[in-house]
Ligand SMILES: Nc1ncnc2c1ncn2[C@@H]1O[C@H](COP(=O)(O)OP(=O)(O)OP(=O)(O)O)[C@@H](O)[C@H]1O
């Protein structure tokens, strides 16, 4: 039937019930604009396929009007300019007429009984599947780990703990600063995935160094089933070309999930503006140490991200080396995340000095054997959190929230998370193999230039240095002696990597490939794949990958166990970044670090400084950067002087300071970070919960039923895997996530981790969520009829029983995120026509077991005949359900009250110390909270499905 749309008419979305009831604002050509006042959203649809159903309440229905919300019992309809005018009786018993525009936008269009009375009766197995779907969805959404169980990853506690902590927040803004290779990408992916599944994030932008775009694209798809669109200039042009001249298409609005490089935004002001205009719920920025900031100079990269960050509610910054460019940059990035908390650099620096006393206080609070009346500690508590905190402590000795407040307001904040290799444990060893070589004559002239000594080949003709530099011969020998070992070589400059690669390719039979910032994305991935080939496919591939410094940042090469440092970077963080290419999750062997160097040059001294001063080769040195900052000038001088007297002393002093700083950090910042980053006990609970909610047996049983009912063909494949194919007899022409070719899948995580060609089907897989969505947003199984034989004594034959299922619906603007407090829940009521409430006596499963099919013709006759009785049953059920609605709302309000109080108190506490928090911010928060409380109070139970059963002998 062709739908006719006219301004003023009320329509409801048949895919998004939560939008409430909309009205047509205008119809222009082949498009219509509809406004949903309940959620303050406007949608534009093509008139020929708008997913809308006309709202027309039948006579006898009680409807509410907008505003004062008076109730009108409908007695008749008339039409005016294609719109409905309802006639009815109001609460005072007076006759009234209302235009449909006056209808309450929060009301629901009740469909199941309309279908039943119209003779559209579903199979009872469809009804059962619908109810089962609701129960599963409810259970999943209630689980704390919903959104974390579906990704194709090993459940590692240090990652899941962070993801679990962060993902529970509304619009989280955090710095994920795990040491190199511990899985920040995975943590960010988990958080994003969870936020998308819980519908807190719809649009996300990921900004990464250009070299990492493809890796992110693949990781998001392969591990998280998230399809990102990569935008670069070429793609933007293509998208713009698709539009006509008048419509200005913003390419950033062409997809919900967009990935682009930072340089693409910094180098193109127009693209940056378009990104800013597009509107996002979350932004992720990888390798965030590139966002340089100091009091004197703000980099373009920082400015670019800052302007986006101020508009986007949720922000994840990722860096393994948060303090790489000093405390100023670190502070500035924290400020991007939480300007209320980090507002003054100097205060922040002062605060860092107080981490030790804050940690002492935390230890005292944590220790069960602490003396509760320790006056010194109580004074400290008052100093940091005020008198109320002391009173609260003395009342019940409950310390969890005090510790959280201390960490948040005086510790590393709730924005910074950092796991270290030491805290995670289980990483392989690292070994240093150094090789002393004689510096060749051609480099002799450069002895006073430090840069030149560290990268002596710079500026020399490639043919010359390749022939003279003994590192080249050493490299060839090493490769020939170790033909079976894959090795990653890193050097400072792309030119060096390229020259070496060409040399090996032309002069030897060694398979080599280069990887640097000058290659485009495809070339780079081809090089990485060629290097990985043996590990993945049983092919030989390249033995050596020669990388420049920037080219290799963030890449995963843990399948190799050997790293050659062709030169050394003058920065401990860069050294760690290099080693981190191999020293990452998934590395199975001891990592052998090979460092050739020239005798009696800066190279030798630098190697010794790193090794003896910082122990930076064999172990991560978390204080490397701060020690480097202290000694940098002296080190630079010492590296190029020929005299060694002071150098040994410099190493001794560096080592002493490193040990001391490490000790301090362990007692101060690190302890605080550890408390924030991984509570092992809690992390295990998260994993246990995750395994319980996965419940693969239940999932496979449920999906078997779905495949059966929808006509999807399922065949066993190997142990634990199966093949799915579409068939000609499917209910719908499409099944979510199933293409014409079909797919191979497994419910087993371990198998999915080793077999990337298989889909990992979990409760969170798009096929499952798509199926759940398809069932619950359609009419599938929402009205059915059956007969049941119950023992006479209990319910006599001829009795009509109604089983009705309600879901809670609470239309509200999406930014308020009401669903945080009001997860989907359903209410079941069973009544009979003797006015008895059978909800407890007659369980859903019982009816399932007893239900008998009644043929279609008889069903329709019986329904027509019993229509008044069925209507009365529905009215009775609605009345019985009402108190449950009040209970659900009350529980939601209680849940809301707790977080609302915490959020407000935190902002008020921060406002006392931070002059940048304006009174309006607090007022805004209060107003939002008030609005949210109002929407919650308006939540309504909506009749979702009904089953009428006729009792037989
Ligand atoms: N839970 C996991 N299951 C399977 N593989 C994982 C998991 N966590 C991390 N990995 C793998 O370990 C490697 C390192 O992870 P990732 O790239 O997320 O680390 P990172 O901390 O972002 O590294 P970098 O500091 O270099 O940017 C990747 O190959 C990733 O796929």
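One-based numbering along the chain as shown.
Glycine too: its Cβ is placed from the backbone N, Cα and C atoms.
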Can you identify, from 286-289, 290-293, 294-297, 298-301, the stretch that TrEMBL calls motif 'DEAH box'?
286-289
With a radius of 8 angstroms around the mean position of the C-beta atoms of 178, 179, 180, 181, 182, 183, 184, 185, what other residues of the same chain does the ATP site pick up?
320, 419, 580, 584, 585
Counting every protein chain present, what is the number of Cβ atoms, excluding its own, within 10 Å of the Cβ of residue 178 (ATP binding site)?
26
Neighbour count (Cβ, 10 Å) for residue 184 (ATP binding site):
29
Looking at the binding-site residues 180, 182, which sits with the largest number of other Cβ atoms within 10 Å of its Cβ?
182
Report the DSSP secondary-structure composition of the motif 'DEAH box' (286-289) as helix, strand and coil residue counts.
2 helix, 0 strand, 2 coil
Sort out for me which one of 181, 183 has the most neighbouring CB atoms within 10 A, since those are the binding-site residues we care about.
181
Out of 179, 181, 185, which binding-site residues have CB atoms lying under 6 Å from ligand 1?
181, 185
Can you see whether DSSP assigns residue 184 (ATP binding site) to helix, strand or coil?
helix
